[in-house]
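Listed in TrEMBL:
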- 98, 108, 113, 118: oxalate binding site (BINDING)
- 111, 113, 118, 160: Mn(2+) binding site (BINDING)
- 33-49: disulfide bond (DISULFID)
- 63-214: domain 'Cupin type-1' (DOMAIN)
- 1-23: signal peptide (SIGNAL)
């Protein structure tokens, strides 16, 4: 009898917990929800919606990625974002895209997208794509030169980079399963945070002298 009561109590607890365990982002309950980026209402996931009568058809179309970015940057690359802030029509739909252009020798430095898996296609040139596994993989580097017409996949939350190994300009287009995938640039985060990470913390973690840390901080004081 005691065993039966325990079993019933356990099943009841599982039923109570099931909605929390199985919870995911809810599916949209309308055709679209063009983001009201100037809306004052508090939002948690996504933005409040413009009235459909004000949405127009621009939520479906964009030419932002048609033009190459200016690669005259310290990294020799330019990222053209097309997330919800740039394309409000993606609001609640769980998708976004970027275009990245590279000068010869240009790089998209090591970074992480905390909220999205990334899939990309090289449109021009040839890029070394590197993906860093977690400690579970022994911090393994997975890398390959990806050429025009070829694709690559970056699992959510893994550090990765791209580097133009060709002698000509290169470009790629990537998409995410999030309207706002987020990005954490590793070098900028370590050496350009605001306020700065204390130098003794970095010298201990990186096993270098303080002057090396201070030099790196000076390189990233103005951002990327």
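Placed from the backbone N, Cα and C atoms, the Cβ positions cover glycine too.
Note that TrEMBL annotation is computational and uncurated.
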Within 10 Å of the Cβ of residue 49 (disulfide bond), how many other Cβ atoms can be counted across all chains shown?
-> 19
Inside 8 A of the center formed by the CB atoms of 98, 108, 113, 118, which other residues of the chain have their CB, for the recorded oxalate site?
-> 79, 100, 111, 120, 154, 160, 174, 176, 181, 183
For the oxalate site made of 98, 108, 113, 118, how many Å separate the two farthest Cα atoms?
-> 14
With every protein chain in view, how many other Cβ atoms are within 10 Å of the Cβ of residue 108 (oxalate binding site)?
-> 24
Listed binding-site residues (111, 113, 160), ranked by Cβ neighbours within 10 Å, top entry | 113
Note down the number of other Cβ atoms within 10 Å of the Cβ of residue 98 (oxalate binding site), including every protein chain shown.
-> 22
Remaining residues near the recorded Mn(2+) site, that is with C-beta within 8 Å of the centroid of the site residues 111, 113, 118, 160 = 112, 154, 158, 159, 181, 183
